[in-house]
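Student: Below is a structure I'd like to ask you about.
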Amino acid sequence: MGLQLEHVTKRFGKFTAVDDLSISIPEKEMFGFLGANGAGKTTTFRMILGLIDASEGKITWNGNSIDYSTSPLIGYLPEERGLYPKLKVKDQIVYLARLRGMQKQDVIKELNYWLNRFKVPEYADKKVEELSKGNQQKIQFITAVIHKPKLLILDEPFSGLDPVNVEQLKDAVLELKDKGTTIVFSSHRMEHVEEMCEHLCIMHKGKPVVKGTLKEIKRAFGKKNLVIHADFDLEFLKSHPGVTNARQTTEGIHLQISGEEIAEDVLKEIVGKGFIRKFVLEEPSLNDIFIEKVGASYE
Amino acid sequence: MSNFWIILWHTYLSKLKSKSFIITTLITLLLVAGLTNMSRIMDLFNKGDENEEKIAVIDETGELINPLMEQLKLNNSSILIESFKGTVEEAEKSVIENAYEGLLILSFNEEKLPEAAYKARSIADTSLPSELQQYLQQMKTQLAASHINLTQDQLNKLYEPISFSKTALEENAKTEEELNQARGLVYVLLFIIYFAVLMYANMIAMEVATEKSSRVMEILISSVSPVKQMFAKIIGIALLSLTQMVILFVVGFYFVKKNLESMQGGFFEFFGFNDIPISTIIYALVFLLLGYFLYATLAAFLGSLVSRIEDVQQMIMPMTMLVVAGFMIAMFGLGQPDTSFITIASYIPFFTPMLMFMRVGMLTLPVWEPMIGIAILIITIIILAVFGAKVYKGGVLMYGKSNSFKDIKKAIQLTKNE
């Protein structure tokens, strides 16, 4: 069951923000959303949360529609961080968690656990505006997960964080996943999605252009990357049949080829021409797929 | 506890504990204490003033100073006059040296009637010379009368004010005395309604805009429906306003009670605080609450349209104008509450809270008139609430350059389920 989106469309007047999106996210899985700004990710999240109604289609969680009665089951980390700047961390988490159906004493207990986990127990009595942006984000994350939601929606959870904090947060997300939370998240860092999600969807102008499991997507993409480092000039390979893209580096060349068999041809071509230090056939990265499908760099 | 109550109490308590609320309440309390103790405070300062009002008099005729002294004594005046023995220059010098407040030179004109010249360091204080002028005028009248052989009796007859009484013929109409009393009370209550509506509606708009601009709104509306939130907030602030007013009222009442003896006559009697008609107070409370709900709903949805706190004032400007316009009309109407303009305006919902209250307080209206006013208000509030809730639901999700009323349409569209 899990989260089901069936032919979901959202129109704002004449503008179609999300166009016929169907996704099935199994329970206890992690699902990644990719897409440039304006691709419809946040609109999709808002529809899942029930903040706005879909123009067409149906969204269900384990067969039930999502509304305010299910809000204790759902955790949400919005893209734009939002906390009361003048309120103490403890007060606002207690307030927001109570709105998700928690009891005050449970909130305090959980809050202490999370603050200790993020190694910032001294923040409980500080005002949010006194914290750094990265630390505010930790508080925001705690707000989203403190009530142990079954479905967690993270909109760009790692943006604006330093690498140490990214690791801390990533560990926390993975731990939640292991505990059985279904997680939907969007990120502009391809490697995060690649590393963490089994299922993903690339959105472009409201339409899902690629979706499925990571392996399927890569296999379906067909194209592979070929990295060659050699002591002689490799530029002539650019016009080799089957090479769809090429980029010269200081040590050699990166080729994008339309299939594995091309690699064999290329190898035959260069053998004997000189010393080859590296010849690697790689799976395409998500970034390559993204650029190919969306037609522009994500960042 | 349901989410509605959690938000309500959170709004109430966090505002109640906020510095700005405590400070405004304290300042207003000081103001109330000051106003209710006005007569005492004035006495305190006046005591110091009295000794200084010593006037040097050079009487060139030698006949005028004694009648003037008598005149002063007769009127219980605090002005002290002293005959100055010396030249005018010497007298002027001692005025400059602060020995006297001023110098009065009395003489006769050709017709043997008194003439006076007043000299002081500065003539910024107008009450002292005009008081002197008034006494001298009386003296002149008496002298002139005796010149043409009028007796004091004849003179009194001339100056006796005409007896002029006003009676309202309509049944239950207020007598003049009652009207004066009502006017004072209505005046004060109108001010309270005006300030309360403006202040608390503003507070609502700010509260909504703050939550929106700090983006905490998105988390809030993902756990509680915007409509529930909006009303929880409006009622939370209403509780806050009631708390504040009860505090002010209790303190004000205490001081008024305490100072009641010293307030006989004058200011407070004029304002009709001696026997306050209960119905006026109840109507004030009803119209205050309804006015608050009307404008608070308006403020909440206007507040939901802006993305930055700086834009709030601009956005609620039209609303503020409505409140001010209502207040101005009510002030104008205090003098002539039964004109048809006021009557018609009092049925326009945005003016009803102040105008209908003013009419109820000033006139003897049949009960159905205020009841229609209340009904109109309640219906308008319901319409505004339904409409406002729609705008609010979309508005809180809209960010960017949103300052125009076009956004209302956009916000409704956002919530629409095509």
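Every residue, even glycine, has its Cβ placed from backbone N, Cα and C.
Sharing the record's features from TrEMBL:
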- B:19-389: domain 'ABC-2 type transporter transmembrane' (DOMAIN)
- B:21-42: transmembrane segment (TRANSMEM)
- B:185-209: transmembrane segment (TRANSMEM)
- B:230-256: transmembrane segment (TRANSMEM)
- B:276-303: transmembrane segment (TRANSMEM)
- B:315-335: transmembrane segment (TRANSMEM)
- B:341-360: transmembrane segment (TRANSMEM)
- B:372-392: transmembrane segment (TRANSMEM)
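Situate these features within the shown structure.
Tutor: Panel annotation: around the transmembrane segment (B:185-209), residues 11, 15, 230, 233-234, 237-238, 240-241, 245, 271-273, 276-277, 280-281, 284, 287-288, 291-292, 295-296, 298-300, 302-304, 306, 308-309, 311-312, 315-316, 319-320, 323, 326-327, 330-331, 334, 353-354, 357-358, 361-362, 392, 396 of the same chain, lying at least six beyond its termini, place a Cβ under 8 Å from a Cβ of the stretch.
Cβ atoms under 8 Å from those of the transmembrane segment (B:230-256) belong to residues 3-5, 7-12, 15-16, 21, 25, 28-29, 32-33, 36-37, 192, 196, 199-200, 203-204, 207-208, 224, 263, 268, 273, 289, 292-293, 296-297, 300-301, 304, 385, 388-389, 392 of the same chain, restricted to positions at least 6 beyond its ends.
Under 8 Å from some Cβ of the transmembrane segment (B:276-303) lie the Cβ atoms of residues 182, 185-186, 189, 192-193, 196-198, 200-202, 204-209, 212, 230, 233-234, 237-238, 241, 312, 315-316, 319, 322-323, 349-350, 352-354, 356-357, 360-361, 370, 373-374, 377-378, 380-381, 384-385, 387-389, 391-392, 395, 408, all in the same chain and six or more residues away from its ends.
The list of residues near the transmembrane segment (B:372-392) in space but at least 6 beyond its ends in sequence, with Cβ under 8 angstroms from a Cβ of it, reads 208, 226-227, 230-231, 286-287, 290-291, 293-294, 297-298, 300-301, 304-305, 346-347, 349, 352-353, 356, 408, 411-412, 415.
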